[in-house]
Amino acid sequence: MSWHPQYRSSKFRHVYGKAASKDKCYDCVPITRNVHDNHFCAVNPSFIAVVTECAGGGAFLVIPIKQTGKLDPHYPKVCGHKGNVLDIKWNPFNDFVIASCSEDTTVKIWDIPNQLLKRNITTPKKELLGHARRVGLIEWHPTADNILFSSGYDYKIMIWNLDVKDAVLSKPVKILDTHKDVVLSMSFNTDGSLLATACRDRKIRVIDPRAGAVLQEGSYKSHKVNKVLFLGNMKKLFSTGTSCWNNRQIALWDQNDLSVPLLEEDLDDSSGLLFPVYDSDTHMLYVVGKGDGNIRYYEISPEKPYLNYLMEYRSHSPQKGIGMMPKRGLDVAACEIFRFYKLIPTKSLIEPVSMIVPRRSESYQEDIYPLTAAAQPALTAQEWLNGINKGPLLVSLRPGSEAVNSLPQFLEPEPLLKTTDLSQQQGGGERMQEKQKPREIEDGRRRLKVEEKLPTNEQTCLSNGFGIFECPPPKTENELLQMYYRQQEEIRRLRELLIQRDVQIKQLELELRNLCTDTGNY
């Protein structure tokens, strides 16, 4: 008789949620009372943006991520919209650019200054005028620079190329006119070549956004879909919605066959919406309930049963919206694998909730932090519009490795730039660097590696002030103990050096793969 374990082995089986202390929260924040079903919050490693209450138009706050505690009631706002703001999203490749959409039928792009705001921002960097009715959703492309998708109550999805000098754009590069009702949700696959949508007509669609063709379309009579999500490269979709009995429900779909769900499960009989959030690095799926304080989380596997329940974070404070910190902003020293920002309007509070893997070791846990998406685009806007597909550039989160916010090394073999420089030089600088020949790039990288090796070689020849072959033999027991401790310290340092070398090897392999992809595209 075969024995099957009751629990499956998983490194994320004991993940738990930890709410931040009161001094690490954002207090006295006038969170919007709008009933629109959106996150109302956007987060990056530099700022947290939240839609706020505002008389005579729409506005949102942009607060530096480290400025916790009570918010000044006269804190400046970003207030250029004439109607309520319905959605905000940070540019994934520039921490100082944010997009917003509103009931006034416009989409606006804003430049946020690096220093603390001293007055209201009323003039946008760009204004997109194309929708005939209010705009409810916006999404940045995950790998192409300056490509933005917007969806309005005119049932149209518009694709905008922001890589132009015009401050006012009235003609999108593409209009997807395939929906018969309001689009409730949009989600990209990993390389941004496919778009999944959930519509009020209860149908899920998988669309080729550049061709405008619907590749798959399906609905299920017992599942009224609200939100849909691509599950990375697993060729599966995840949706949340309600059953015919009005229970909150989740469903899993095959990307290539939307006729019947692979899995369907009722959660509870609450009335609030369910926001799905997927972490493709750890294959963990979070389901956040609107109107309650719970966050359920699962682990996704490619084989049955596909969805493995892990745990549920419970709180008495109901959330109206939620923000998610990108991986490059997490605290890896505390084994933090995800961080939510809960909007609690009843307390005018934004509460960070960290998802933590309990580990005793204080060293970097490489097994729970695989290479993750970098803060640089893999493609220009025009390359993507021309039909090129490319996955995101990947970086390591190990402290002391390549700066996560810097330019990719295969584009520039010079010292890495800081985040603030990136926001100013992202336009023309990258285009010039991409034109370098692969041989010149390799020569530059080789020179760098030779220069890096010289000091490390000198360091390995020394052991606490003595040369390895010059250490005098110990004469007493005390000297013998000191020699032993010095050798232990040397072994520990050499192990750290080996780990650094392994990381450098992985980064070089990644750069080589990116370089081969680039040369194949030209």
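Residue numbering: from 1, along the chain as shown.
Quick reminder: no glycine exception, Cβ is built from N, Cα and C everywhere.
Annotated domain 'DUF1899' per TrEMBL: 5-69, in sequence order.
With helix defined as DSSP H, G or I and strand as E or B, the repeat 'WD' (78-112) counts 0 helix, 22 strand, 13 coil. If you look up TrEMBL, you'll see 78-112 (among others) marked as repeat 'WD'.
A mean pLDDT of 95 is what the model gives for the repeat 'WD' (128-170). Feature annotation from TrEMBL assigns repeat 'WD' to 128-170 (among others).
Sequence-distant contacts of the repeat 'WD' (176-217), counting only residues of its own chain at least 6 positions beyond either end whose CB sits under 8 Å from a CB of the stretch, comprise 37, 136-137, 139, 141-144, 147, 149, 151, 153, 155-159, 223-230, 232-233, 237, 239, 241, 253, 255-258, 280, 384-385, 387, 389-392. Taken from TrEMBL, the feature repeat 'WD' applies to 176-217 (among others).
Residues or ranges marked as region 'Disordered' by TrEMBL: 420-444.
The compositional bias 'Basic and acidic residues' annotation in TrEMBL covers 431-444.
Across the repeat 'WD' (128-170), DSSP helix (H, G, I), strand (E, B) and coil residues number 0 helix, 22 strand, 21 coil. Residue counts for the domain 'DUF1899' (5-69) under DSSP, split into helix (H, G, I), strand (E, B) and coil, are 3 helix, 24 strand, 38 coil. When DSSP labels each residue, the repeat 'WD' (176-217) comes out as 0 helix, 22 strand, 20 coil, counted as helix, strand and coil in that order.
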